[in-house]
Amino acid sequence: MTFLRLPAVEHVYLIKWPDITLFLINITHHEKKPPCWTDNASWEERLADVVTPLWRLSYDEQLERKQEHQEKILSQLSGYLSGDSPVGDKLSFPVLPILPSPVRNGYRSKSTFSVNRGVDGNPKTVGFYVGTGRKGNIVCVSGDHLLNMPQKHKLVARCYQDFIRLSSLEPCLLFHTGGHWREITVRTNAEGRTMAIVYFHPQNLTPEEVAVHKAELVDYFTQGPGSVCQLDSLYFQESTMTRCTHEQSPYQLLHGQPHIYEEVLGFKFRISADAFFQVNQAAAEVLYGTVRDLCVPNNEQAGRLTETGGTLLDVCCGTGAMGITISPRVDRIIGIELIEQAVEDAKHNAALNNVLNCEFIPGKAEVVLPGLMSQLSFAGRGLTVVVNPARAGLHYRVVRALRNQPAIRRLVYVSCKPDGEAMRNFKELCCDPAPQKKLTGEAFSPTLAVPVDMFPHTPHCELVLLFER
């Protein structure tokens, strides 16, 4: 297929895919004028312009653009700390060159494909949305041409489309209009192991009637044309909600193994149907290695040995990957995570790797942390913190607890959106003591920033920011 070189985009379009909302927000912030399409643009180009807006640029040009964007964001923090205009162009701390992704194409380990009307009007089309629900102009376009999509994901999506077109059941485009077949999520690991999760709205079907269609699904992917996908796991989730947890509506294993596994920096991690895991495994090794080296610098630096050990507090620890990869360099890891299933995965991952110095605590960080801080005042050989919150950033009580704990001398903040709520966190960590906000502890200072490209062909990257006292 030949792509036309087009001017930049005109509207932000809805794509039902993890991380894409963030990409679109970044696009609108990054470009004064979002991309616009000419009448000659194909649907494939339109989709690529939304999902992978930088696909027309060389990889070096992509990295240059991302570097400039991160430096612009961080110059605002520098301006705030120096008392100058918040929109300055001077950096008061070094920003290293962005670390590239070792894999640039087909890197996604997780993709969620939607079901809706295609370009030809067929409601049983599997792909990604172009258009908006508000304007009623949603079109579902195949993602076969997308650069960040692995071939295995494309194959499973095509087979699922063939299956639902053979099914006697209608797709569920809008919950109130009926229909049953919904999205499919595909997860793969570096070895090519594949998990598929089919989402289904039961409407008024009886459990016995649903069981018939589940059996047809299993037969299609194990004995029929879909067997070409060689699925290692096939899950099914019945739900009357747009998104729900395993506790709200259990994932039903219809075929194969309950988990697939991924390896990062020599450690093995279990991936459940709903577990969070970085969608670019190769770049995750770069990210976690960077975080590890900033939290606990390597033993040998500049020809001399540096002391390691102490306690690492991992806030928003997820399934424990970051803390576990750092565990050999510290005496103790304490992880805090809201989602209980993720805590169970973290405990399993620690046991799987024979890591004995990790403890994982379920609960809201803003509830757990203040009480925990008094116990950590005597953390022995030092207390280091790594935080990796969602886009909403850290709760103000978490920032207050970290800021007011004098034992913390080093804090590493991993942000997927530093120009959002994370910037508020940065400022509260670094501002002068503010008794009215109960920020009475010694201020931190940003000393080093390292961007890591986790998502080639998109404007998004992770920023690792080191704060020290």
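Using the three backbone atoms N, Cα and C, a Cβ is placed for every residue, glycine included.
Here's what TrEMBL has on this protein:
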ACT_SITE  Cys416  active site, nucleophile
BINDING   Gln278, Glu337, Asn388  S-adenosyl-L-methionine binding site
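Projection of TrEMBL feature records onto the structure.
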residue : record                               : Cβ within 10 Å
Gln278  : S-adenosyl-L-methionine binding site : 21
Glu337  : S-adenosyl-L-methionine binding site : 26
Asn388  : S-adenosyl-L-methionine binding site : 21
Cys416  : active site, nucleophile             : 19
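Geometry remark: Gln278 (S-adenosyl-L-methionine binding site) versus Cys416 (active site, nucleophile), CA distance 12 Å. A separation of roughly 9 Å, to the nearest angstrom, links the Cα atoms of Asn388 (S-adenosyl-L-methionine binding site) and the residue listed as 'active site, nucleophile'.
Within 8 Å of the centroid of the Cβ atoms of Gln278, Glu337, Asn388, where the record puts S-adenosyl-L-methionine, the same chain has further Cβ atoms from Phe276, Cys316, Cys317, Gly318, Thr319, Ala321, Met322, Val414. When the alpha carbons of Glu337 (S-adenosyl-L-methionine binding site) and the residue listed as 'active site, nucleophile' are compared, the span between them is 18 angstrom. Binding residues for S-adenosyl-L-methionine (Gln278, Glu337, Asn388) extend across at most 16 Å, taking the greatest CA-CA distance.
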